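The ATP binding site feature in Swiss-Prot is assigned to G109, T110, N111, G112, K113, T114, S115. According to Swiss-Prot, the N6-carboxylysine annotation covers K218. Among the features that Swiss-Prot reports, meso-2,6-diaminopimelate binding site is placed at R379, D403, N404, P405, R406, G455, E459, with the record citing sequence analysis. Marked as motif 'Meso-diaminopimelate recognition motif' by Swiss-Prot: 403-406.
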Amino acid sequence: MYLQELLKGIQVEKIIGNMDIDIEDIYFDSRFVTQKSLFICIEGFKTTGSLYINEAIQRGAVAILSEKEIAIEGTTTIKVENSRKALAAVASRFYKFPTNTLKLVGVTGTNGKTSITYMVKSILGYYNINVGLIGTISNWIGNKEIEAVRTTPESLELQKILNEMVEQKVDTCVMEVSSHALELGRVDHTKFTMGIFTNLTPEHLDFHEDMDHYRNAKKKLFYKTTLCNIINVDDIHGKMIAEELKEEQIPLITFGMNQQADVYATDLKINLKGVSFQLHMGQDSKEFHVKIPGLFTVYNAMPSILICYILGLSLEEISIALEAMKGVPGRFEVVEEIQRNSVIIDYAHTPDALENILISTRKFAPKRIITVFGCGGDRDKTKRRIMGEISGKYSDYSIITSDNPRTEEPLKIIEMIEDGIKQVTDQYKIMIDRRCAIEYAMKIAEEKDIIILAGKGHEKTQVIGNEVFYFDDREVALEIARKEGLI
(Lines of atoms letter the chains of each structure in order from A and count residues from 1; the text may use other names and numbers.)
(Lines give C-alpha, C1' and ligand atoms only; values in the text may rest on other atoms or scores of the structure.)
Protein backbone atom coordinates (compact mmCIF):
# COMPACT_ATOMS: atom_id res chain seq x y z
CA MET A 1 0.00 0.00 0.00
CA TYR A 2 1.33 3.43 -0.93
CA LEU A 3 2.36 5.65 1.99
CA GLN A 4 0.05 8.44 0.87
CA GLU A 5 -2.93 6.05 1.00
CA LEU A 6 -1.82 4.62 4.34
CA LEU A 7 -1.80 8.04 6.00
CA LYS A 8 -5.33 9.01 4.96
CA GLY A 9 -7.36 10.38 7.86
CA ILE A 10 -4.31 10.98 10.06
CA GLN A 11 -3.44 14.49 11.21
CA VAL A 12 0.07 14.84 9.86
CA GLU A 13 2.01 17.85 11.11
CA LYS A 14 4.97 17.64 8.73
CA ILE A 15 6.32 15.36 5.99
CA ILE A 16 9.89 15.34 4.73
CA GLY A 17 10.53 13.17 1.69
CA ASN A 18 8.69 11.12 -0.90
CA MET A 19 5.10 10.01 -0.19
CA ASP A 20 4.84 7.98 -3.39
CA ILE A 21 6.52 4.86 -1.97
CA ASP A 22 5.07 1.39 -1.52
CA ILE A 23 4.92 0.14 2.08
CA GLU A 24 5.01 -3.64 2.42
CA ASP A 25 4.80 -3.87 6.21
CA ILE A 26 4.55 -1.82 9.43
CA TYR A 27 6.54 -2.17 12.66
CA PHE A 28 6.97 -0.41 16.00
CA ASP A 29 9.73 -2.79 17.19
CA SER A 30 12.99 -2.14 15.32
CA ARG A 31 14.20 -5.72 15.88
CA PHE A 32 11.65 -7.09 13.45
CA VAL A 33 11.79 -4.45 10.70
CA THR A 34 12.00 -5.77 7.13
CA GLN A 35 12.62 -4.21 3.71
CA LYS A 36 10.24 -1.50 2.41
CA SER A 37 8.53 -1.05 5.75
CA LEU A 38 7.17 1.85 7.79
CA PHE A 39 8.65 2.18 11.29
CA ILE A 40 6.44 3.92 13.86
CA CYS A 41 8.19 5.35 16.92
CA ILE A 42 6.05 4.69 19.99
CA GLU A 43 6.68 6.79 23.07
CA GLY A 44 6.83 4.11 25.77
CA PHE A 45 7.02 4.23 29.57
CA LYS A 46 10.57 2.85 29.77
CA THR A 47 12.02 3.84 26.40
CA THR A 48 11.14 5.66 23.20
CA GLY A 49 10.97 4.35 19.65
CA SER A 50 12.95 7.28 18.29
CA LEU A 51 16.10 5.79 19.86
CA TYR A 52 15.86 2.89 17.41
CA ILE A 53 15.40 4.76 14.14
CA ASN A 54 18.91 4.02 12.84
CA GLU A 55 18.48 0.30 13.49
CA ALA A 56 15.10 0.35 11.72
CA ILE A 57 16.61 2.06 8.66
CA GLN A 58 19.53 -0.39 8.59
CA ARG A 59 17.01 -3.23 8.54
CA GLY A 60 15.11 -1.75 5.61
CA ALA A 61 12.61 0.87 6.82
CA VAL A 62 11.90 3.40 4.06
CA ALA A 63 9.66 5.68 6.14
CA ILE A 64 9.63 6.80 9.78
CA LEU A 65 6.60 8.11 11.67
CA SER A 66 7.38 9.92 14.91
CA GLU A 67 6.23 12.62 17.33
CA LYS A 68 9.56 14.35 16.70
CA GLU A 69 10.57 16.28 13.60
CA ILE A 70 13.39 14.33 11.98
CA ALA A 71 15.20 14.81 8.67
CA ILE A 72 17.01 11.73 7.31
CA GLU A 73 18.53 11.68 3.85
CA GLY A 74 16.89 9.08 1.61
CA THR A 75 14.15 8.24 4.14
CA THR A 76 10.67 9.75 4.33
CA THR A 77 9.81 11.09 7.79
CA ILE A 78 6.35 11.95 9.10
CA LYS A 79 5.67 14.00 12.23
CA VAL A 80 2.40 13.48 14.13
CA GLU A 81 1.09 14.67 17.49
CA ASN A 82 0.40 11.18 18.89
CA SER A 83 2.21 8.18 17.41
CA ARG A 84 0.11 5.60 19.32
CA LYS A 85 -3.11 6.95 17.83
CA ALA A 86 -1.46 7.12 14.41
CA LEU A 87 -0.35 3.48 14.78
CA ALA A 88 -3.95 2.38 15.41
CA ALA A 89 -5.24 4.31 12.39
CA VAL A 90 -2.48 3.09 10.06
CA ALA A 91 -2.84 -0.52 11.26
CA SER A 92 -6.59 -0.56 10.69
CA ARG A 93 -6.21 0.75 7.14
CA PHE A 94 -3.25 -1.51 6.31
CA TYR A 95 -5.22 -4.59 7.40
CA LYS A 96 -8.35 -3.55 5.47
CA PHE A 97 -10.59 -2.51 8.38
CA PRO A 98 -11.33 -6.07 9.60
CA THR A 99 -14.04 -5.05 12.08
CA ASN A 100 -16.17 -3.75 9.21
CA THR A 101 -16.70 -7.46 8.43
CA LEU A 102 -16.15 -9.34 11.70
CA LYS A 103 -18.61 -9.41 14.60
CA LEU A 104 -16.50 -8.31 17.57
CA VAL A 105 -17.62 -8.54 21.21
CA GLY A 106 -15.53 -6.60 23.74
CA VAL A 107 -15.50 -7.51 27.44
CA THR A 108 -14.13 -5.05 30.00
CA GLY A 109 -14.03 -4.85 33.79
CA THR A 110 -11.65 -5.75 36.61
CA ASN A 111 -12.67 -9.38 36.99
CA GLY A 112 -14.46 -11.95 34.83
CA LYS A 113 -13.17 -10.98 31.37
CA THR A 114 -11.34 -14.24 30.71
CA SER A 115 -14.16 -16.45 31.99
CA ILE A 116 -16.77 -14.68 29.86
CA THR A 117 -14.70 -14.84 26.68
CA TYR A 118 -14.06 -18.56 27.22
CA MET A 119 -17.72 -19.22 27.98
CA VAL A 120 -18.83 -17.50 24.78
CA LYS A 121 -16.20 -19.32 22.71
CA SER A 122 -17.26 -22.63 24.25
CA ILE A 123 -20.99 -22.07 23.65
CA LEU A 124 -20.62 -20.91 20.05
CA GLY A 125 -17.99 -23.55 19.31
CA TYR A 126 -20.35 -26.25 20.56
CA TYR A 127 -22.49 -25.50 17.50
CA ASN A 128 -19.47 -25.39 15.15
CA ILE A 129 -19.56 -21.62 14.79
CA ASN A 130 -16.10 -20.39 13.78
CA VAL A 131 -15.05 -18.28 16.77
CA GLY A 132 -12.04 -16.12 17.53
CA LEU A 133 -10.80 -15.16 20.99
CA ILE A 134 -8.34 -12.49 22.13
CA GLY A 135 -7.39 -12.43 25.79
CA THR A 136 -5.14 -12.97 28.78
CA ILE A 137 -4.48 -16.70 28.48
CA SER A 138 -4.11 -17.01 24.70
CA ASN A 139 -5.54 -15.88 21.38
CA TRP A 140 -7.55 -18.20 19.14
CA ILE A 141 -8.30 -17.98 15.43
CA GLY A 142 -10.84 -20.75 15.10
CA ASN A 143 -8.96 -23.85 16.32
CA LYS A 144 -5.51 -22.23 15.99
CA GLU A 145 -3.98 -21.05 19.27
CA ILE A 146 -1.57 -18.09 19.38
CA GLU A 147 0.41 -17.04 22.45
CA ALA A 148 -0.90 -13.91 24.18
CA VAL A 149 1.69 -11.36 25.33
CA ARG A 150 -0.78 -9.03 27.05
CA THR A 151 -4.55 -8.95 27.72
CA THR A 152 -5.24 -6.70 24.73
CA PRO A 153 -2.59 -6.68 21.96
CA GLU A 154 -0.99 -3.46 20.69
CA SER A 155 -3.10 -1.99 17.88
CA LEU A 156 -0.85 -3.25 15.06
CA GLU A 157 -0.88 -6.85 16.31
CA LEU A 158 -4.61 -6.59 17.06
CA GLN A 159 -5.55 -5.52 13.54
CA LYS A 160 -3.29 -8.22 12.09
CA ILE A 161 -5.03 -10.91 14.19
CA LEU A 162 -8.49 -9.57 13.31
CA ASN A 163 -7.58 -9.51 9.62
CA GLU A 164 -6.42 -13.14 9.80
CA MET A 165 -9.75 -14.00 11.43
CA VAL A 166 -11.59 -12.44 8.49
CA GLU A 167 -9.41 -14.39 6.05
CA GLN A 168 -10.10 -17.62 8.00
CA LYS A 169 -13.88 -16.99 7.84
CA VAL A 170 -14.25 -16.44 11.59
CA ASP A 171 -17.83 -15.39 12.29
CA THR A 172 -17.46 -13.80 15.73
CA CYS A 173 -14.51 -12.77 17.89
CA VAL A 174 -14.85 -12.28 21.64
CA MET A 175 -12.14 -10.12 23.14
CA GLU A 176 -10.90 -8.96 26.53
CA VAL A 177 -10.48 -5.19 26.49
CA SER A 178 -8.21 -3.86 29.23
CA SER A 179 -8.35 -0.35 30.63
CA HIS A 180 -4.76 0.18 29.45
CA ALA A 181 -5.83 -0.71 25.90
CA LEU A 182 -8.69 1.78 26.00
CA GLU A 183 -6.60 4.54 27.56
CA LEU A 184 -3.59 4.03 25.27
CA GLY A 185 -5.64 3.81 22.06
CA ARG A 186 -4.91 0.17 21.21
CA VAL A 187 -8.55 -0.36 20.18
CA ASP A 188 -8.96 2.95 18.34
CA HIS A 189 -10.38 2.46 14.82
CA THR A 190 -11.92 -0.83 15.98
CA LYS A 191 -15.69 -1.37 15.79
CA PHE A 192 -17.36 -3.55 18.42
CA THR A 193 -20.73 -5.19 17.87
CA MET A 194 -21.30 -5.39 21.63
CA GLY A 195 -19.53 -4.14 24.74
CA ILE A 196 -19.76 -5.95 28.10
CA PHE A 197 -19.08 -4.47 31.55
CA THR A 198 -18.38 -6.95 34.38
CA ASN A 199 -17.39 -4.97 37.48
CA LEU A 200 -14.88 -2.44 38.75
CA THR A 201 -12.75 -2.79 41.86
CA PRO A 202 -9.41 -1.15 42.80
CA GLU A 203 -6.73 -2.32 40.35
CA HIS A 204 -4.13 -0.60 38.15
CA LEU A 205 -4.41 2.56 40.27
CA ASP A 206 -0.67 3.00 39.75
CA PHE A 207 -1.69 3.80 36.15
CA HIS A 208 -5.17 5.35 36.45
CA GLU A 209 -4.63 7.47 39.60
CA ASP A 210 -8.14 6.90 41.03
CA MET A 211 -11.40 5.00 40.49
CA ASP A 212 -13.01 7.82 38.49
CA HIS A 213 -10.20 7.75 35.93
CA TYR A 214 -10.33 3.94 35.92
CA ARG A 215 -14.11 3.91 35.29
CA ASN A 216 -13.85 6.55 32.57
CA ALA A 217 -11.20 4.47 30.80
CA LYS A 218 -13.50 1.42 30.83
CA LYS A 219 -16.46 3.49 29.66
CA LYS A 220 -14.71 4.35 26.39
CA LEU A 221 -15.56 0.88 25.07
CA PHE A 222 -19.30 1.57 25.08
CA TYR A 223 -18.98 4.43 22.59
CA LYS A 224 -17.36 2.08 20.07
CA THR A 225 -20.28 -0.38 19.79
CA THR A 226 -22.66 -0.68 16.84
CA LEU A 227 -25.42 -2.86 18.36
CA CYS A 228 -25.67 -2.69 22.16
CA ASN A 229 -23.91 -2.81 25.51
CA ILE A 230 -24.47 -5.30 28.35
CA ILE A 231 -23.87 -3.85 31.82
CA ASN A 232 -23.73 -5.39 35.31
CA VAL A 233 -25.82 -2.96 37.39
CA ASP A 234 -25.24 -4.82 40.68
CA ASP A 235 -21.83 -3.14 40.52
CA ILE A 236 -21.97 0.50 41.64
CA HIS A 237 -19.71 1.61 38.79
CA GLY A 238 -21.78 -0.41 36.31
CA LYS A 239 -24.90 1.33 37.56
CA MET A 240 -23.25 4.72 37.04
CA ILE A 241 -22.15 3.78 33.53
CA ALA A 242 -25.64 2.45 32.67
CA GLU A 243 -27.28 5.68 33.85
CA GLU A 244 -24.86 7.76 31.78
CA LEU A 245 -25.40 5.62 28.67
CA LYS A 246 -29.19 5.84 29.07
CA GLU A 247 -29.00 9.63 29.30
CA GLU A 248 -27.01 9.64 26.06
CA GLN A 249 -29.52 7.20 24.47
CA ILE A 250 -26.87 4.57 23.81
CA PRO A 251 -28.49 1.08 23.56
CA LEU A 252 -27.85 -1.19 26.54
CA ILE A 253 -29.14 -4.24 28.41
CA THR A 254 -28.66 -4.42 32.18
CA PHE A 255 -28.15 -7.61 34.20
CA GLY A 256 -27.73 -8.62 37.83
CA MET A 257 -29.47 -10.32 40.74
CA ASN A 258 -31.80 -7.36 41.24
CA GLN A 259 -35.15 -7.82 39.52
CA GLN A 260 -35.00 -4.19 38.35
CA ALA A 261 -32.36 -5.29 35.82
CA ASP A 262 -33.45 -6.22 32.28
CA VAL A 263 -32.05 -9.73 32.83
CA TYR A 264 -31.69 -11.26 36.29
CA ALA A 265 -30.97 -14.55 38.07
CA THR A 266 -32.85 -16.26 40.91
CA ASP A 267 -32.84 -19.62 42.72
CA LEU A 268 -29.05 -19.91 42.93
CA LYS A 269 -27.57 -23.22 44.06
CA ILE A 270 -23.78 -23.38 44.56
CA ASN A 271 -21.52 -26.28 45.52
CA LEU A 272 -18.03 -27.59 44.73
CA LYS A 273 -19.27 -29.16 41.48
CA GLY A 274 -20.76 -25.96 40.05
CA VAL A 275 -23.78 -23.66 40.07
CA SER A 276 -27.37 -23.68 38.88
CA PHE A 277 -29.72 -20.71 38.57
CA GLN A 278 -32.92 -19.51 36.92
CA LEU A 279 -32.41 -16.78 34.32
CA HIS A 280 -35.25 -14.33 33.66
CA MET A 281 -35.23 -12.38 30.40
CA GLY A 282 -38.44 -10.54 29.48
CA GLN A 283 -41.18 -13.16 29.26
CA ASP A 284 -38.64 -16.00 29.07
CA SER A 285 -37.21 -17.97 31.97
CA LYS A 286 -34.72 -20.83 31.82
CA GLU A 287 -32.66 -22.89 34.28
CA PHE A 288 -28.92 -23.06 33.64
CA HIS A 289 -26.18 -25.31 35.04
CA VAL A 290 -22.44 -24.48 34.93
CA LYS A 291 -19.66 -26.78 36.15
CA ILE A 292 -17.68 -23.93 37.72
CA PRO A 293 -18.40 -23.14 41.40
CA GLY A 294 -18.97 -19.68 42.84
CA LEU A 295 -21.36 -16.74 42.76
CA PHE A 296 -19.01 -15.04 40.29
CA THR A 297 -19.78 -17.85 37.84
CA VAL A 298 -23.41 -16.70 37.72
CA TYR A 299 -22.24 -13.13 37.02
CA ASN A 300 -19.99 -14.43 34.23
CA ALA A 301 -22.65 -16.72 32.78
CA MET A 302 -25.38 -14.07 32.49
CA PRO A 303 -23.61 -11.81 29.95
CA SER A 304 -22.26 -14.89 28.14
CA ILE A 305 -25.83 -16.16 27.69
CA LEU A 306 -26.99 -12.74 26.52
CA ILE A 307 -24.18 -12.44 23.96
CA CYS A 308 -24.96 -15.84 22.44
CA TYR A 309 -28.71 -15.16 22.48
CA ILE A 310 -28.23 -11.86 20.64
CA LEU A 311 -25.98 -13.69 18.15
CA GLY A 312 -28.84 -16.05 17.33
CA LEU A 313 -28.81 -19.09 19.63
CA SER A 314 -31.90 -20.08 21.62
CA LEU A 315 -31.85 -20.27 25.43
CA GLU A 316 -32.23 -24.05 25.16
CA GLU A 317 -29.21 -24.31 22.84
CA ILE A 318 -27.15 -22.08 25.14
CA SER A 319 -28.17 -24.13 28.19
CA ILE A 320 -27.01 -27.39 26.59
CA ALA A 321 -23.66 -25.93 25.50
CA LEU A 322 -23.00 -24.17 28.81
CA GLU A 323 -23.63 -27.32 30.83
CA ALA A 324 -21.16 -29.20 28.58
CA MET A 325 -18.41 -26.64 29.24
CA LYS A 326 -15.59 -28.06 31.39
CA GLY A 327 -14.11 -24.85 32.78
CA VAL A 328 -11.59 -22.07 32.20
CA PRO A 329 -7.84 -22.64 32.73
CA GLY A 330 -6.75 -21.19 36.07
CA ARG A 331 -10.23 -19.98 37.02
CA PHE A 332 -11.49 -21.95 40.03
CA GLU A 333 -9.69 -24.92 38.51
CA VAL A 334 -9.93 -27.97 40.76
CA VAL A 335 -6.92 -30.29 40.55
CA GLU A 336 -9.01 -33.43 40.08
CA GLU A 337 -6.13 -35.89 40.59
CA ILE A 338 -5.76 -34.91 44.26
CA GLN A 339 -8.57 -36.60 46.19
CA ARG A 340 -7.74 -36.35 49.92
CA ASN A 341 -8.45 -32.64 49.94
CA SER A 342 -9.43 -30.14 47.25
CA VAL A 343 -6.70 -28.05 45.64
CA ILE A 344 -8.07 -25.11 43.66
CA ILE A 345 -6.04 -22.94 41.27
CA ASP A 346 -7.37 -19.43 40.70
CA TYR A 347 -6.11 -16.22 39.09
CA ALA A 348 -7.57 -14.11 41.94
CA HIS A 349 -5.00 -11.32 42.17
CA THR A 350 -7.25 -8.40 43.13
CA PRO A 351 -9.01 -7.78 46.46
CA ASP A 352 -12.46 -8.32 44.95
CA ALA A 353 -11.48 -11.53 43.14
CA LEU A 354 -9.83 -12.97 46.27
CA GLU A 355 -12.84 -12.07 48.41
CA ASN A 356 -15.25 -13.59 45.87
CA ILE A 357 -13.47 -16.93 45.67
CA LEU A 358 -13.07 -17.20 49.45
CA ILE A 359 -16.70 -16.29 50.20
CA SER A 360 -17.93 -18.67 47.50
CA THR A 361 -15.72 -21.48 48.81
CA ARG A 362 -16.81 -20.88 52.40
CA LYS A 363 -20.41 -21.69 51.44
CA PHE A 364 -19.56 -25.32 50.66
CA ALA A 365 -16.23 -25.90 52.46
CA PRO A 366 -16.65 -28.96 54.73
CA LYS A 367 -13.62 -28.04 56.86
CA ARG A 368 -10.76 -25.51 56.69
CA ILE A 369 -9.76 -23.15 53.87
CA ILE A 370 -5.99 -22.76 53.50
CA THR A 371 -5.01 -19.91 51.17
CA VAL A 372 -1.62 -19.47 49.50
CA PHE A 373 -1.22 -16.04 47.90
CA GLY A 374 0.98 -13.00 47.30
CA CYS A 375 0.90 -9.72 45.38
CA GLY A 376 2.78 -8.72 42.23
CA GLY A 377 5.78 -6.44 42.39
CA ASP A 378 6.05 -3.14 40.48
CA ARG A 379 2.26 -2.91 40.54
CA ASP A 380 -0.47 -1.20 42.57
CA LYS A 381 0.75 -1.25 46.20
CA THR A 382 -2.54 -0.09 47.71
CA LYS A 383 -4.17 -3.51 47.33
CA ARG A 384 -1.57 -5.45 49.34
CA ARG A 385 -2.80 -4.60 52.84
CA ILE A 386 -6.43 -5.07 51.69
CA MET A 387 -5.73 -8.53 50.29
CA GLY A 388 -4.03 -9.47 53.55
CA GLU A 389 -7.14 -8.46 55.50
CA ILE A 390 -9.39 -10.40 53.11
CA SER A 391 -7.39 -13.61 53.32
CA GLY A 392 -7.19 -13.30 57.09
CA LYS A 393 -10.93 -12.73 57.38
CA TYR A 394 -12.17 -15.52 55.11
CA SER A 395 -9.42 -18.17 55.33
CA ASP A 396 -8.80 -20.45 58.28
CA TYR A 397 -5.08 -20.27 57.58
CA SER A 398 -3.04 -18.18 55.13
CA ILE A 399 0.44 -18.62 53.71
CA ILE A 400 1.80 -15.36 52.31
CA THR A 401 4.32 -15.93 49.54
CA SER A 402 5.72 -14.50 46.29
CA ASP A 403 3.71 -13.78 43.15
CA ASN A 404 5.90 -12.24 40.45
CA PRO A 405 7.87 -9.88 42.75
CA ARG A 406 9.65 -8.51 39.67
CA THR A 407 12.21 -5.86 40.72
CA GLU A 408 10.82 -5.36 44.23
CA GLU A 409 12.21 -7.12 47.29
CA PRO A 410 9.82 -10.08 47.87
CA LEU A 411 9.90 -9.73 51.67
CA LYS A 412 8.95 -6.03 51.45
CA ILE A 413 5.82 -6.96 49.45
CA ILE A 414 4.96 -9.70 51.94
CA GLU A 415 5.39 -7.31 54.88
CA MET A 416 2.87 -4.92 53.29
CA ILE A 417 0.40 -7.82 52.98
CA GLU A 418 1.16 -8.80 56.59
CA ASP A 419 0.21 -5.29 57.75
CA GLY A 420 -3.34 -6.17 56.70
CA ILE A 421 -3.63 -9.79 57.76
CA LYS A 422 -2.33 -9.27 61.30
CA GLN A 423 -5.18 -6.84 61.95
CA VAL A 424 -7.68 -9.72 61.79
CA THR A 425 -5.83 -12.96 62.64
CA ASP A 426 -2.60 -14.58 63.73
CA GLN A 427 -3.32 -17.72 61.67
CA TYR A 428 -0.78 -17.17 58.93
CA LYS A 429 2.78 -18.00 57.92
CA ILE A 430 5.30 -16.20 55.71
CA MET A 431 7.19 -18.28 53.14
CA ILE A 432 8.95 -16.32 50.39
CA ASP A 433 9.50 -19.33 48.11
CA ARG A 434 6.19 -20.14 46.40
CA ARG A 435 7.00 -23.83 45.88
CA CYS A 436 7.79 -24.19 49.60
CA ALA A 437 4.57 -22.36 50.46
CA ILE A 438 2.48 -24.75 48.34
CA GLU A 439 4.31 -27.75 49.82
CA TYR A 440 3.70 -26.51 53.37
CA ALA A 441 -0.02 -25.96 52.65
CA MET A 442 -0.36 -29.51 51.36
CA LYS A 443 1.53 -30.95 54.34
CA ILE A 444 -0.64 -29.26 56.96
CA ALA A 445 -3.92 -29.86 55.09
CA GLU A 446 -6.16 -32.48 56.62
CA GLU A 447 -8.75 -34.60 54.84
CA LYS A 448 -11.51 -32.47 53.25
CA ASP A 449 -9.62 -29.19 53.79
CA ILE A 450 -9.64 -26.91 50.74
CA ILE A 451 -6.35 -25.39 49.57
CA ILE A 452 -6.64 -22.31 47.36
CA LEU A 453 -3.56 -21.35 45.33
CA ALA A 454 -4.44 -17.78 44.39
CA GLY A 455 -2.91 -15.19 42.11
CA LYS A 456 -1.25 -17.01 39.21
CA GLY A 457 -4.03 -19.11 37.72
CA HIS A 458 -3.11 -20.05 34.14
CA GLU A 459 0.35 -18.45 34.31
CA LYS A 460 3.35 -20.68 33.80
CA THR A 461 6.10 -18.30 34.88
CA GLN A 462 7.41 -16.55 37.97
CA VAL A 463 9.15 -13.19 37.45
CA ILE A 464 11.90 -12.53 39.98
CA GLY A 465 14.10 -9.50 39.37
CA ASN A 466 14.49 -9.27 35.62
CA GLU A 467 14.48 -13.04 35.15
CA VAL A 468 11.55 -15.22 34.13
CA PHE A 469 11.41 -18.75 35.55
CA TYR A 470 9.06 -21.57 34.58
CA PHE A 471 6.48 -22.07 37.33
CA ASP A 472 3.03 -23.66 37.16
CA ASP A 473 0.95 -23.85 40.36
CA ARG A 474 -0.94 -26.88 39.09
CA GLU A 475 2.19 -28.83 38.14
CA VAL A 476 3.86 -27.97 41.44
CA ALA A 477 0.81 -29.16 43.40
CA LEU A 478 0.77 -32.44 41.47
CA GLU A 479 4.52 -33.00 41.98
CA ILE A 480 4.15 -32.48 45.73
CA ALA A 481 1.03 -34.67 45.89
CA ARG A 482 2.91 -37.53 44.20
CA LYS A 483 5.89 -37.11 46.54
CA GLU A 484 3.61 -37.10 49.60
CA GLY A 485 1.60 -40.09 48.34
CA LEU A 486 -1.60 -38.08 47.94
CA ILE A 487 -2.29 -39.43 44.46
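We number each residue from 1, going along the chain as drawn.
Every residue, even glycine, has its Cβ placed from backbone N, Cα and C.
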Determine which residues of the same chain, besides R379, D403, N404, P405, R406, G455, E459, have their CB within 8 A of the center of the CB atoms at the recorded meso-2,6-diaminopimelate site, and list them by sequence. H349, G374, C375, G376, G377, S402, K456, Q462, V463
Looking only at DSSP and grouping its letters into three states, which state does R406 (meso-2,6-diaminopimelate binding site) belong to? strand
Cβ within 8 angstroms of the Cβ centroid of G109, T110, N111, G112, K113, T114, S115: which residues besides those meet this for the ATP site? V107, I116, E176, T198, N199, N300
Calculate the distance in Å between the alpha carbons (Cα) of E459 (meso-2,6-diaminopimelate binding site) and T110 (ATP binding site), and round it to a whole number. 18
May I ask for the distance between N111 (ATP binding site) and R406 (meso-2,6-diaminopimelate binding site), taken between their Cα atoms and rounded to an integer number of Å? 22
How many Å separate the Cα atoms of G455 (meso-2,6-diaminopimelate binding site) and T110 (ATP binding site)? 14
If I take the alpha carbons of the residue listed as 'N6-carboxylysine' and P405 (meso-2,6-diaminopimelate binding site), what is the distance between them in whole Å? 27
Cβ packing number for N111 (ATP binding site), 10 Å threshold: 24
Nearest of the binding-site residues to P405 (meso-2,6-diaminopimelate binding site) by CA-CA distance, picking from G109, T110, K113, T114? T110
So the record assigns R379, D403, N404, P405, R406, G455, E459 to meso-2,6-diaminopimelate. If I measure every Cα pair among those residues, what is the longest distance in angstrom, as a whole number? 17
